[in-house]
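Novice: Got a structure here, written out as structure tokens. Questions coming.
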């Protein structure tokens, strides 16, 4: 079990995953959760902190406090994405993002797609230093990725457990997807909803897929990547039909992928390197002295006579006259 939890992975994979996660945190602030800053405009008594917010001495969010959190987290996340000071910056980003989520989820709605991302932020500082492209293996980095993978799969499995716990078998045979399509469905979802019993079959399929998601840990690497690809395709369909992205979950799920093979900076340098020689060879090269044909000089002839003889060699003799000068 310990060997499985700490299976060594290339440091380049850890570095790529770290950069991706911290860049996503920065993007999350400005794209997915900028609405958190609007929570301060409601009365303070509507703030009902989660259990962790009640256990910790956290203040009621104010406009000044949330603004400070926003800019500090944005700056630190971008710095952490560079890989510098991985422990110091990593713990700071983890603490600030946790508080950002406590504020976001303390007004009546809790999203379960943040669990894997929060776990990733909590374990990445323990992975130590890692550089992009480094092929040496690290058990600490492997543990960080494995724990994130477990959190991702727990999101699926526990979601199925919650469906059956609170909805029972009625969740499978009810109108859950139909209600979601009515509220936020797309044109594609409207077409699917017209097929009889297809939504019921889809609800059975969703629960089955979530319950069977732990199987991914028992598959060989090629089949594991194929199953992770199926996970991504499931979320692509979800986005296309009911416009729910699960973006934080998708970012955390990259812990399953060989990210060390993705080297955008190296690819960009290669493209630039290919363009430079091409422009340098556009002009035709000037002839070198070695490229000029030399004419041998026979004894008794000067260079001029030899040149004249060479020139007349290319002419046909005139009939009735001797050839030559």
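Cβ atoms are placed via backbone N, Cα and C, with glycine included.
Remember, it's a predicted structure, so these values are computed and weren't measured experimentally.
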Novice: Looking at 88-108, 172-192, which stretch does TrEMBL describe as transmembrane segment?
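Specialist: In TrEMBL, the transmembrane segment feature sits at 88-108.
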Novice: Of the residue ranges 2-19, 20-37, which one carries the transmembrane segment annotation in TrEMBL?
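Specialist: In TrEMBL, residues 20-37 carry the label transmembrane segment.
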Novice: Of the ranges 231-251, 252-272, which one does TrEMBL flag as transmembrane segment?
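Specialist: Of the candidate stretches, TrEMBL labels 231-251 as transmembrane segment.
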Novice: Counting only pairs at least 6 apart in sequence, do the transmembrane segment (20-37) and the transmembrane segment (114-131) share 3+ Cβ pairs under 8 Å?
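Specialist: These two segments touch.
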